[in-house]
């Protein structure tokens, strides 16, 4: 009988207790070989693997066949394979617990976030409800603001608070100063220095107080105040000093007079500050013009001997100080004293306060002439060289203005013409201020007031919306703008038949009605009339 084919394996098959039969000592091994089913290590499909399902409990023969065909022999099982069968359920259980913990944590975080968001939203709504007033409160507030604004405008038009008592007094004194000064120059020039002294004793304490209060007291150390001080010394203390008079005359007719143009001094009568500034710069020139050219030689020789000596000294004599070189030399000495004192006592010792914002003449000129070529030149230098450059330019400017002083000293009409030019320049600056600056400023304030009231009116229409049509609201807004801009100030209300807004009835300057009546066109306290007017407005709005 032929031997059956045996499946080839990598190693020789080892019989197991399950598939082995008792061998007879006498039987040969070949007789039992066909009955041995040797397992292989070939890959098995998932369907053929051993199932741990309890339902997989069939017949003992089927179970035995699956066990024999799929489960490897015991001698081929490793320790890791055995441990894997025990650790896999534990890993799955641990992973499941971690996922459950993370899910619970996310759920709690979401609930906490939702709770905080709801609480924050509730707090925000409560805060908004507490802060934001109701529609009625907003309407009352807008009415009050509109009434106050129109009341202020009515006060300005009625000329009750626009010009204060101080400005009125300043205007009167400014006009009288021009009148008295002109009268003294024309009729009594020998008393002009008295008038100048009285005024400077009046103006300077007020200027010192106001400038110190406003933080401008560093301006009091400028050259113009130093020149006025030197003039008082020359007139009352040292009338025989020819050198002092020469220096004072050159500085007054040079730097001080031209500063009216450079510093834009203006003749604005209602401004006490501007009148004082113009006085400081032009009055020393007017006083020196009177005592040099207008008083008699006899009075000049007795009262001002230094002037008489210089004026009547022959050319080339030691007392002839009225030439260009002598004037420049003797005026440079007090100028250098002032410049060095100003630099050390103001620029150096007060540098921290100046850097903190305290204004000086240098900071003012640097800002005013920053767009001019000379300002660009100074600002283009290193910061350490800007102040020395400014001092050098200022001295060069002073020298240039003092060059024609010899001409002003010897020729009366040349001196008068020069004074006339600088005075007319100050009047032109004052006219510019009144028309361009003061008028436009008031016009801008009026325009801003008009726009603000129109905005309030629009918000008011939005709050009470529905009571009147859009055409009516637009009509009231236009009428309000015209009333605030001054187009209907000269018109009176003839009746309520034509309609129109009550806010465009701003009265003339001579109207003495209360401000509330100005706004509404009705007398204060007439509740019935107000109700009738309200009904008429609502009726017109619904048309």
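Heads up, the Cβ atoms here are built off N, Cα and C, so glycines get one too.
Sequence annotations record features per position, and here TrEMBL assigns region 'Disordered' to 1-68 (among others).
Feature annotation from TrEMBL assigns compositional bias 'Polar residues' to 37-64.
What TrEMBL records for 169-188 (among others) is transmembrane segment. Residues 195, 199, 267-272, 275, 279, 283, 286, 289-290, 294 of the same chain sit 6 or more residues outside the transmembrane segment (169-188) yet have a Cβ under 8 Å from a Cβ within it.
For the transmembrane segment (218-238), same-chain residues at least 6 beyond its ends with a Cβ under 8 Å from one of its own Cβ atoms are 193, 197, 200, 204, 207-208, 211, 244-245, 247-248, 251-252, 255-256, 259, 280-281, 284, 287-288, 291, 304, 306, 334-335, 338, 342, 345-346, 350, 354, 358-361, 398. Among the features that TrEMBL reports, transmembrane segment is placed at 218-238 (among others).
Taken from TrEMBL, the feature transmembrane segment covers 244-263 (among others).
What TrEMBL lists as transmembrane segment is 320-345 (among others).
Through the fold, the transmembrane segment (389-411) approaches residues 223, 249-251, 253-255, 257-258, 262, 292, 310-311, 322-324, 327-328, 331, 335, 339, 343, 362, 365-366, 374, 377-378, 381, 418 of its own chain, all at least 6 residues removed from its boundaries and within a Cβ separation under 8 Å. What TrEMBL lists as transmembrane segment is 389-411 (among others).
According to TrEMBL, the feature transmembrane segment maps to 417-435 (among others). Long-range Cβ contacts of the transmembrane segment (417-435) within its own chain (Cβ-Cβ under 8 Å, at least 6 residues beyond either end) map to 253, 257-258, 260-261, 264-269, 274, 278, 282, 285-286, 289, 404, 408.
Annotated region 'Disordered' per TrEMBL: 489-508 (among others), in sequence order.
Sequence annotations record features per position, and here TrEMBL assigns region 'Disordered' to 521-543 (among others).
What TrEMBL records for 528-543 is compositional bias 'Basic and acidic residues'.
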Can you tell me which parts of the same chain pack against the transmembrane segment (320-345), counting only residues 6+ beyond its ends and a CB-CB cutoff under 8 A?
221-223, 226, 230, 242-243, 246-247, 249-251, 254, 310-311, 313-314, 387, 391, 394-395, 398-399, 402-403, 405-406, 409-410
